[in-house]
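As given in Swiss-Prot:
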type	residues	note
COMPBIAS	561-585	compositional bias 'Pro residues'
DOMAIN	335-553	domain 'Histidine kinase'
MOD_RES	H338	phosphohistidine
REGION	561-597	region 'Disordered'
TRANSMEM	40-57	transmembrane segment
TRANSMEM	62-81	transmembrane segment
TRANSMEM	91-109	transmembrane segment
TRANSMEM	110-125	transmembrane segment
TRANSMEM	137-158	transmembrane segment
TRANSMEM	159-188	transmembrane segment
Amino acid sequence: MILPTALKSRLALEFETLPDPFRRPAARAAGLDPAHAWRLGWLAAVCLAAAAALFTADSGGWPVWAALGAGALPALVSLIFTREDERTQSWLLVLWAVGGSLAAVLTGGVGGAMAAWCLAPVAAASTQDQPKRLAEGAALALIGACVAALTQLSGLAPAAPTGPLAFVLGFLALVTTGLGLAAGLLIGRRRQGARDDRYASEIIGLETLLDGLPHLAIAVRGQGQVTAVRGAAPPGVTRADLVNRGLTGAAAPGDRQRLTAAIAQAHREGSASLTFNPALGVERVVALDMHRVAPNQLVGVLRDITVERHREHALDQARIDAEALAAGRARFLANMSHELRTPLNAIMGFSDIMRARMFGPLSDRYAEYAELIHESGGHLLDLINDVLDMSKIEAERFELQRGVFDAREAVQAAMRLLRVQSDTAGVQLRGVLPPGELEVDADRRALKQIVLNLVSNALKFTPRGGQVTVTAHGYDGVLEIVVADTGVGISPEDLERLGRPYEQAGGAEQRARGTGLGLSLVRAFAQLHGGEMVIESRLGAGTTVSVRLPVLLAPMVAATPTPPAAPEAPSAPEPAPTVEEPPPASLGDNVIAFAPR
């Protein structure tokens, strides 16, 4: 089946640069150039006529020889200048017109023996096979004939040759001009044949490619009449059904109205797409994309998407199941964490009573057991609180309790709680706080938890004799808390995972020290405040974690620095941590920065 003309003309443009065998240039089919042969024949005929004139009784004198020379000159120049640019060809046509009309004038005008040479520019133009050149040659021929006629009527033209010479010259003019017109016709037919052969080759190549398509390409006219079908038909659709019943007839009854509307939309807007169930396979799903290529003419592609649709449904269901599972897990963790805290509070309370010996003295072993119970219960309570907070955040049930307070108080409170842990670990804990207030509008408990988690992590992974520094300062409405340690550092591979729930860095021994929720909670609390957490670390050179929160209400209030106060026991009134010079802002040129997303 041959493609429609509009479709062929559109698709043929895609094959202009195809190599053989789809294209066969005209040069391959061309043999001897008829135009070149005609010019050579013209010169040969002029030479023969000149030789014949020598043997006639009356050679005609100089006008005849001048006429033969004027006729030979354009052919000779055309053989020398073979360029095909427009300017050269136009000048050659003018030369043919001048030579032909001059020869006609010298042999008696339009009634003379060589009047046929007035048509020389038409014959020359016909060999160029260009409508523009043919019109130009006809105009020049008309001008030359008018000049020859006016010269004859005015009596300026020489007398026309008579006798055998007139016959020779007339025969020469008729034969050469006629051969030129015949050569032009031959050239036109040959070039047209080459073009037709090339177009036929391109159409065959297009049809071959279209037949090999994995989808079905169709040409649609009007409201669904299928005029061409190429490619592989999807299951449930046949070529014969499309051609005989039309595009709408190939769809299931319930989809035909939508398909008719899509065809109208493609005619109106230029393109349309839809999916439908075919009439011969309602369990299948077929996608149709249509585009307008000409008035009342569409091209479309039919492809089976049953497998893709099932896969999409499976993915959607898996996503729904995963979301439901995650929500259920978060609710379960939130409920279980709450239920676990209730008996744990009792355990902590009774262990405190035993430690305080409120009901009498205890032996050293029982006192040690009570201390272990209290420490283990405190550790378990911290883990439960972390799980509870993370589950609330994941379940979108965590609400910030914002208030206005001095951020230094929350930082100092967190550091006091961790002072015993730092002393036990043999790690120096420093605080670098400004002398003026850091008034913020934030959740006090969340801010304290941020400092607790960051400092606790730093203490866990800093060897004995190391140092952990906590810095807090404000600028441009932003509160920045920086916790820097001289610990083991974090590898680039682990940095990519940190900040996600239950993800930990380091080896198995280091991972056993926590749950992987500390940094996740810090990041979550920072994001709830509209801020961010940034980790900078280099393996073996320590870690710096910065939390930036846009919660600062006013610039720091300047105050006179006071000498650093010595740290006190956890049960004493809240003293300010030791204020020292801040550590270097960077760990070096090889620092790895990571902002969890």
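Note: Cβ is positioned from N, Cα and C throughout, glycine not excepted.
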CB contact flag for the transmembrane segment (40-57) and the transmembrane segment (159-188), at least three pairs under 8 A: yes
Non-local residues, at least 6 beyond the ends, that sit with Cβ under 8 Å of the transmembrane segment (137-158): 63, 93-94, 96-98, 100-101, 104-112, 115, 118-126
Local confidence of the domain 'Histidine kinase' (335-553) - pLDDT mean: 82
